[in-house]
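Before we start, here is the structure in question, set down as structure tokens.
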Amino acid sequence: MLLNRQQKQAIEYLDGPLLVLAGAGSGKTRVITEKIAYLVNKAGYPPQQIAAITFTNKAAKEMQERIAGLLSAQQCKLLNVSTFHSLGMRMLREEANEVGLKKKFSIFDAGDSGKILHEIIGSSGKDALFRAQQRISLWKNALLSPEQALDGAENEWEKQMALVYASYQDTLLAYQAVDFDDLIRLPTLLLQQNAEIRYKWQMRLRYLLVDECQDTNECQYALMKLLIGADGKFTAVGDDDQSIYAWRGANMENLRLLQQDYPNLEVIKLEQNYRSSARILRIANQVISHNPKLFEKKLWSEYGLGDVVQVLACKNEEHEADTVANRILFAKNSHPKIKLSDFAILYRGNHQAKWLEEALRSARIPYKMSGGQSFFDRAEIKDVLAYIRVLNNPDDDPAFIRAITTPKRGIGESTLNRLNEFARDHNLSLYQAAQDTGALSTLATKAKQDLQVFMLQVAQWQSDAACKPAGEFLNALLDSIKFEAHLLLHEEGKSGEIKWRNVMDLQRWIANKGEKDGKNILEIGQTIALITLLEGKEQEEVDAVNMMTLHASKGLEFPYVYLIGCEEGVFPHGDSVEEGNLDEERRLMYVGITRAKQNLTLTHCVKRKKMGQWQFMTPSRFIDEMPQEDIEILGRKDSAPIVSKAEGKSRLSSMMDMLKDKK
Ligand SMILES: Nc1ncnc2c1ncn2[C@@H]1O[C@H](COP(=O)(O)OP(=O)(O)OP(=O)(O)O)[C@@H](O)[C@H]1O
Ligand SMILES: [Mg+2]
């Protein structure tokens, strides 16, 4: 694949800061990977001094794979290719002392921090909790402290939330834990305040490359600037039309800020798209033209007109899911060379995946889901992870409570309450209290004994965990707490078995990771929380259809894309329409369309069940915004039926063929 002139120019430009500004599929990410190779091979940068930052773990992994073809394995290993969060985590582990944390602090996911907030706020509804969490997160991403938040509070609610924010931070610190936002906020504050540490990191990471720069939030942007320092050695790439994380505080104005902050910023635009057929591109361009423009961009493709884009009206969600499954089967069987992984099904919200999963399962089509209800959110998985968390950081009270009570081991609520009281009065963690003779003397004899047994076990596990292979250690731990029996005993029907299978899945995954990366279980445990952030656990390498939210699909590409639920209220999302965030929804549509290489299909339901009631749905306004000559509308009252006779007839035989293949 030859590089075009602008790409080459972007790769070889080293005279100062550079922004590559271009539409979807124009090779921005490719510029980053090629530039890394150029920096190492031609410009003499040691690989360990180069940091490339991407948006998701999946994107980081893909980037590493692409670079593997360009540099030696040894060089690749030294490069820093990661997300903002994992870079922040690395910095924080190294500088933990400076911010009052010990090296093995815990990382709390949204569920964990939600629980803390719940305790602080008291018994308010889910919605209030979500709003509190969101508000605090936005303050954190804007680098505002609780005091600053209180100063700037505009109403009573915000004042209250600023106080909640303050005690939330105190609680996190007491647990020696950070949340996702802190992973970036704390290193940023540290670099701002400490010139020596700032200098150290600037010297360590001499060249910075940032993908998807339009989605950096204030805090990420600040961290990026602090790492860059005065000499301005960086390449940022981005597309303002693909900014889709405003709800997390992302600000595409940062692209413009770059120009202000670095007056000598060179801007290179890429205009040729190497991903999609002309029709797909034309639709994308036309839809996004309804948005105000930050930067003028053109995008064209040499790949011929391509397939017409079909818009299918389906009766309801079940029909929609069946239609997509059938079409995938049909396409797969008509073109035996294509793989299942060439297909992606994209949706606006995770709840839409349910019907699809059923349809794919009953059609026996293997699928992979990312960004969905995370594997790591399952209760049985969290139970096991709680043990690993305690071994890493015994002061992590929520993990300590979870581990000590699951499975039950004679330590009940009253024991924990007494321990808790003592811990609070003496400013200790529960784990510390459990070792304190004063605290132990308040407990009943039996409870005291049970607690001491547990504490001895923890000490033993801690020393085993550090020296045994990760998979082996986890097996032994599960055995010693009799976790399988616990699941089978306490769950009804088959659910215990299913849960145990999930635990075994975790065990295999940890064993593999341990072998592959040469890490023990404690080291693996330190990064698990991060994996839940934007996408799920890496799944085994099987050929399977990809299912994900539109947000998770950023940066990826697939020959066949199905974009489902294109209805008013679903996509664009009802809340966004009400809150006037239509532009962002439109950018999300632009992202969705431009994931497709050859073939794009949009579906919408005529009826949908909401809160138990059938509701009639209107097709998404974005469909009206598309050039009508490039789309074919099927299944509406006044148009052709969805399934042509040929397709309908062959469905059964395609399924039979698939089954044969599987055997
Ligand atoms: N010069 C080129 N010749 C042929 N193919 C190319 C060229 N540059 C990039 N590509 C291919 O085009 C596709 C899109 O590239 P890439 O993913 O880098 O685009 P992008 O601008 O990062 O897209 P997005 O905005 O969606 O993240 C990839 O398959 C890539 O390999
Ligand atoms: Mg990209």
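Counting begins at 1 with the first residue displayed.
Just so it is clear, glycine is given a Cβ too, placed from its N, Cα and C backbone atoms.
Nobody curates TrEMBL annotations by hand; they come from automatic prediction.
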Among Arg256, Arg275, Arg279, which residue shares the ATP site with Ala22, Gly23, Ala24, Gly25, Ser26, Gly27, Lys28, Thr29 according to TrEMBL?
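Matched candidate out of Arg256, Arg275, Arg279, per TrEMBL for ATP with Ala22, Gly23, Ala24, Gly25, Ser26, Gly27, Lys28, Thr29: Arg275.
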Taking ligand 2 as the reference and 6 angstroms as the Cβ limit (strictly under), which binding-site residues among Ala22, Ala24, Ser26, Arg275 are close?
none
Give the number of CB atoms, excluding that of Ser26 (ATP binding site) itself, located within 10 Å of its CB.
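Ser26 (ATP binding site): 29 neighbouring Cβ atoms within 10 Å.
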Please determine which of the binding-site residues listed here (Ala22, Ala24) has the lowest count of neighbouring CB atoms within 10 Å.
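Each of the binding-site residues Ala22, Ala24 was scored; lowest Cβ tally within 10 Å is Ala24.
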Got a sec? Which of these binding-site residues, Lys28, Arg275, has the most Cβ atoms within 10 Å?
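The residue with the densest Cβ neighbourhood is Lys28.
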Summarise the model's confidence over the domain 'UvrD-like helicase C-terminal' (278-555) as a mean pLDDT value.
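A mean pLDDT of 89 is what the predicted model shows over the domain 'UvrD-like helicase C-terminal' (278-555).
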Among residues Ala22, Gly23, Ala24, Gly25, Ser26, Gly27, Lys28, Thr29, Arg275 annotated as binding ATP, what is the maximum Cα-Cα distance? Answer in Å.
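For the residues that bind ATP, the greatest Cα distance is 13 Å.
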